[in-house]
Amino acid sequence: MTKVDPFAFWSRGIGRRQFLAGSTALGAMAATGLGPRRAHAEETLNILTWPGHADPAVVGPFEEKYGVDVVAKEYVGGENMLALVNQSPPGTYDVVLSDAEYVVMLRDGGFIEEMDPADYPFDSLFPEFKKFPGHWLDDKLYSMIIRFGYLGLAYRTDALTKEEVESYAIMWDEKVKGGVGFFDWYLPSMGCLSLYNGNEKPFDIDDAAFDKLKETLFSLAPQSSGFYSMADTFSSLTSGAAKCIPGIGDWITLLLAKDGVPVDATVPKEGGIQWTESMSIMAGSTKKDLAKAFIQYMTSAEGQMRSAMMPAYNASIPSKPGWEMLNAEHPDEAVRLRMTFDDRNVLDEYAEGKIHIRRTPVQQDIETWNDAWTEFKSL
Amino acid sequence: MAHGRPTKRRDMFPAAFILPPLVWQASFFITPLVFLVWMSFWRVKNFRLTRDFVTANWERIYNAGFFYDAYVHTFTLATVNALVVSVLAFPAAYFLAFRAGPKVRQLAIVFLVTPFFTSYLVRIYSLQIILAEHGIINSALGLVGLGPITMLSTSFATVVGFLTLTLPLVILVQLLALSQVDKRLMEAASNLGVPPFEAVFKVVIPSAKVGLIMAGTFGFLLSFGDYVSPLFLGGSKPPTLSILIADQVKSGNNWPRASVVAVTMVVTLVAVLLLMTSLAYAKRGKK
């Protein structure tokens, strides 16, 4: 199928040659750092991902080695990703980065293909991630884990203390009235509230528990400061519009704290939710070898280290060699990201049993949870 | 007979001029609109659009409380914006039309057009810095021991965004309308002893009624469908119809339900436009 690329002229060399012919303007741009990052490659690897994964800081060495451009179509939320996959012609994307709970839907829709475990460095993974449930379906590998993190309660440290955020109950406190923000995605937000309601399996609840969850959710309406996209989640915590946000975690606060914003994230006593991001090869891709090489790079020590420090949002990585390289080359970052071997680290929290793996709703359909979320937004 | 052919050619002349916009509208407005209505009867199965003819989407949306809440909220905000922007714009337009010299007027028009050269999204983001809890306004209030006032994620912030979008355009349309007012009527009113302020209401506004009403209608139309201000300044709290459309699509690829909301919006806009046009051109009652 012919692929329509509105920016094809950019990579075909005509524009480049014209530029290189000596345009004074380009010279000035290049001198001031405003020009193209580097000459664009002839070939592209198209990936469908959460924002930031095609950042040169992450994929630069892969692009250099293979002489390709990694081009990303970005999405926020698994349903958004599935929608994009469904409405795109086969071959639009070579690799998809998905949260674990959506891999099964990608498989069932015939969008991704089985992967050979021998192609990937499973020996390098910490034991917790070697057979991660959502990535292995019917004992076959469909997705390779890249990174993970925990979701609980993010908060501004100048508004709330560490003790106050030990429970999700703080969200109903007068102190944060009009200051509870929400990441505009039903799944993590409602998952955390389901934990607050005492559901051991936060996404596998019967209809009575779901009604109770709606009641809990709706009771937060007077506390709400707003519903935020990914960029707005960062800015609302920075501006102070949101004093706390449930259903997000280190992936938002680590970068903000690094920039001096008084924020932190915690997993309250009721528990937290684990998110994972993994990569699959699209069944319709015409560049499957390149796609495989890309995933191999992303699971290598260097790819893992760079992914952990990804400028858009940091994360924990499941690769032991990745941890080792991070500690050797960026010891300060390893401490900040809590991925050191000697001190308490991110894997300790997982071992404590407070973390539940995020899933799509089990006893209700996605639409039912989504509608509850939409209803909540309108209250 | 001798004049028959040239007359026919003259008739074709305006038709040739009107044809391109007609073709354009048919291609890029009517056709998508028909498709939009058609798609509202489709189904979504496993995130995939399926051609069908079911009324379930209409029933689901029209039975949802959140849809009516969003509709009332959107209509109210757009109406408030239309009124506020009309009132705010009028003194500026009046000054430029009747008091300012040609150079000042030209300069003002340049300044009014300039905002359209910059991205609306960027302007809205910059307003976040001004309206935030730790933003410029609250910092200034803090210096005199006041505040902070919550402005972001409120309807107030949304309307501020709407005003940013619509004020320059409404001033320009009002200016155009006021420029058409026969200045001799104002002189006559003055000669007859009507105070200037009273003359504005008795002479200027009635004379420019059509343009002033249409300017306000533009203020309504543009804000009714706006997605950026309610999202980035209003914090989607509560959602407007445009946010509801986006939510339906991003949460489940539910284009058919989004189409129901969109069709409702289009019908509303057409109804408002027709109502305001008939108001604008309504003749005064006979004595």
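From the backbone N, Cα and C atoms, a Cβ is placed for every residue, glycine too.
What you see is a predicted model, and the numbers here were worked out from it, not measured in a lab.
Residues annotated as domain 'ABC transmembrane type-1' in TrEMBL: B:71-276. Here TrEMBL flags B:12-41, B:75-97, B:109-131, B:151-178, B:199-224, B:260-282 as transmembrane segment.
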| said: Quick test of the contact rule: Cβ under 8 Å, at least six residues beyond the ends. What residues does that give for the transmembrane segment (B:151-178)? | reply: 73, 77-78, 80-81, 84-86, 88-90, 92-94, 96-98, 105, 109, 112-113, 115-116, 120, 123-124, 127-128, 131-133, 135, 137-138, 204, 208, 210-212, 214-216, 218-219, 222-223, 226, 228-230, 232-235, 237, 240
| field | Most Cβ pairs under 8 Å with the transmembrane segment (B:75-97), selected from B:12-41, B:199-224, B:260-282 | value | B:199-224
| message | Give the nonlocal contacts of the transmembrane segment (B:199-224) in its own chain as ranges (CB under 8 Å, at least six residues past its ends). | response | 74-75, 77-79, 81-83, 85-86, 89-90, 94, 162, 165-166, 169-170, 173-174, 176-178, 180-182, 185-186, 189-190, 241, 265, 268-269, 272-273, 276-277, 279-281
